[in-house]
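The active site, nucleophile feature in TrEMBL is assigned to SER181. If you look up TrEMBL, you'll see ASP351, HIS384 marked as active site, charge relay system. The domain 'Partial AB-hydrolase lipase' annotation in TrEMBL covers 48-106. Annotated signal peptide per TrEMBL: 1-22, in sequence order.
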Amino acid sequence: MASTVVSLSSIVLLCTITAVQGRKTLHHLNNEWLTSYSVINDIDGICKTMVETQGYTCEEHQVTTEDGYILSLQRIPVGRSSNNTDKPPVLLQHGIFCDALTWLVNSPDESLGFILADNGYDVWLANTRGTKYSNRHISLDPDDMAYWDWSWDELASYDLPAFVQYVYNHTGQRIHYAGHSLGTLMALASFCQGQVVNMLRSAALLSPIAHMNQITSLLTKIAADAFLANDIYWLGLREFVPNGDVAAKFAKDLCHILNFDCSNLMSLFAGPNCCINSSTIDVFLDHEPPPTATKNLVHLSQMIRTGTIAQYDYGNQEQNMQHYGQPLPPLYDMTGILNEFPLFISYGGQDTLSDVKDVQVLLNDLKDHDWNKLVVLLNEDYAHVDFVMGVNANQMIYDPMMDFFKVN
């Protein structure tokens, strides 16, 4: 039982529970723009509450995956002053414990979703299964254990193809893709298997997650060592809610056991973010981090422990044979990504999740990539969350990314 408490508590500490740390960030900028935001509710949704209030047109869309999950997308078809009639579509994919809000939490001049719209792009915001606005299924209820029987394997093989196909069909154009964190892992896994790339013009990977065995985040390492599938399944926890009362108690207990200063939680988890406005965290916390499948967390922990990028390991040869026809789960081979497919990869020198050494392994996998189709940008000051919430990400990351989009 003790190991179960530690494993769950460790994962809680990985869940971007930033209520305290978010109010101790370095930047305290003018936040008058926040007055036009309000707490999101189930009735109004992201378009009504986060986009239209800023003066942008927004559309709600939904798509059903091949395995029956009903997913939502938000579309920002035009910007505030954009007159461009030929608007290339861009699909934005969030990471774990996030949803489309990721791209909207800063002011319009600092949020990638709005920035792209103002620069003449047709912006589509994806919400993966299990998140607040993608929590329906054609036959399963979120209260059913079967609803949560998935990991990032399914996000790569079902959710991402569904999003890309829908946007492609709706716009009639190939798409630019931008993902952060787990959104990059979904993409890489899909790309190396030859999925969706024929419907894409390019992909931008921010804080890429692929190889994970050299991470320097102490909390993540503790979680990976202790977060065992039999612990979780013994407890019957298929849905992991990062902001629940039980999760909060476990986190508090672990901070005490390990003598961690949990007021510095974000830095302990993802690295010392340089450029986050505390008001941004307030908006994020008003929305509350959405849940994920426990199986998804187990899968990520497997990657850290084994040092491989493989499909979910069911823990014994018999079950793996049933699912894969082989005793070990199949590997995702990053060298299988088409060499001529345009890639923009940006990573941070302070990121302890997407560690510099692990990114270098990924870049080595891509060593045969066409030299004029691969752009690599290192920001020495950035940690994991700066890429989506940094107040200067527009200049540091998004401008170079849009320059990349323009030539591909």
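Here the Cβ of each residue, glycine as well, is placed from N, Cα and C on the backbone.
Predicted automatically and left uncurated, TrEMBL annotations should be read as such.
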Nearest-integer angstrom distance between the alpha carbons (Cα) of HIS384 (active site, charge relay system) and SER181 (active site, nucleophile):
8
In which DSSP state, out of helix, strand and coil, do we find the residue listed as 'active site, nucleophile'?
coil
Are there any residues in the same chain, six or more apart in sequence, whose C-beta is under 8 angstroms from the C-beta of ASP351 (active site, charge relay system), and if so which?
SER207, ALA270, GLY271, TYR382, ALA383, HIS384
Same-chain residues six or more away whose CB lies under 8 A from the CB of the residue listed as 'active site, nucleophile'?
HIS94, GLY95, ILE96, LEU206, SER207, ILE209, LEU353, SER354, HIS384
Using DSSP, how many residues in the domain 'Partial AB-hydrolase lipase' (48-106) fall into helix, strand and coil?
11 helix, 19 strand, 29 coil
DSSP on ASP351 (active site, charge relay system), three-state: which is it?
coil
